[in-house]
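According to Swiss-Prot:
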type	residues	note
ACT_SITE	His19	active site, proton acceptor
BINDING	Tyr14, Tyr64, Asn66, Asn112	tRNA binding site
SITE	Asn9	site 'Discriminates between blocked and unblocked aminoacyl-tRNA'
SITE	Asp91	site 'Stabilizes the basic form of H active site to accept a proton'
Amino acid sequence: MKLIVGLGNPGREYELTRHNIGFMAIDELAKRWNISLNEQKFKGVFGAGFVNGEKVILLKPLTYMNLSGESIRPLMDYYKIDVEDFVVMYDDLDIPVGKLRLRMKGSAGGHNGVKSTISHLGTQEFQRIRMGIDRPKNGMKVVDYVLGRFTSEEIPDVNHSIEKAADACEEWLNKPFLQIMNTFNS
């Protein structure tokens, strides 16, 4: 069984914001795999299905970004999901819009959703798909930037990165994460 989590904030006001690109990637996977995200439990919304013979759970924590681990850990415990069968997708300021970086482990890099996940799992050793949102320009505050929407010029690149993140997840069902890293980080 595999768990794929997208980080974001709940509520209409946060839909389609930079900070919610992880939610957008989960929505893409749910659409591709015909998985309904209609279960509400573990402080999140999730759905499960079978993809190429593998049971997959898709989760969007509804705790707000900074408390994401409060949703992820209980679900992993309940379904007895090992950390190597878990991947998290989230926004990253240090990567250009439209680009991805896959990592096997590492620090939170200043991302509070990842920090919460590390804290609740008790380890940094989990797989991540970091989705580029770039840094704010013209002295804009980071919080205003990440909670802002993508520009119309950015949308094609954003859609491309969502598709690539979904492609990476799809490949991960059948291949080691390290192998997919080599493909998607090049």
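One is the number of the first residue shown, and numbering goes on along the chain from there.
Glycine is no exception: its Cβ is also placed from the backbone N, Cα and C atoms.
Projection of Swiss-Prot feature records onto the structure.
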residue : record                                                               : contacts (Cβ under 8 Å, 6+ apart)
Asn9    : site 'Discriminates between blocked and unblocked aminoacyl-tRNA'    : Thr17, His19, Asn20, Tyr64, Met65, Leu147
Tyr14   : tRNA binding site                                                    : Gly8, Asn20, Leu147
Asn66   : tRNA binding site                                                    : Asn112, Gly113, Lys115, Ser116
Asp91   : site 'Stabilizes the basic form of H active site to accept a proton' : Leu7, Arg18, His19, Asn20, Ile21, Gly22, His111, Arg130, Met131, Gly132, Ile133, Val146
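Mapped onto three states, the DSSP output places Asn112 (tRNA binding site) in helix. Asn66 (tRNA binding site) falls within a helical segment according to DSSP. DSSP assigns Asp91 (site 'Stabilizes the basic form of H active site to accept a proton') to a strand segment in the three-state reduction.
Other C-beta atoms found within 10 angstroms of the C-beta of Tyr64 (tRNA binding site) number 17, with every protein chain shown included. Within 10 Å of the C-beta atom of the residue listed as 'active site, proton acceptor' sit 22 other C-beta atoms, taking all shown protein chains into account. Of all the Cβ atoms in the protein chains shown, 15 others lie within 10 Å of the Cβ of Asn112 (tRNA binding site).
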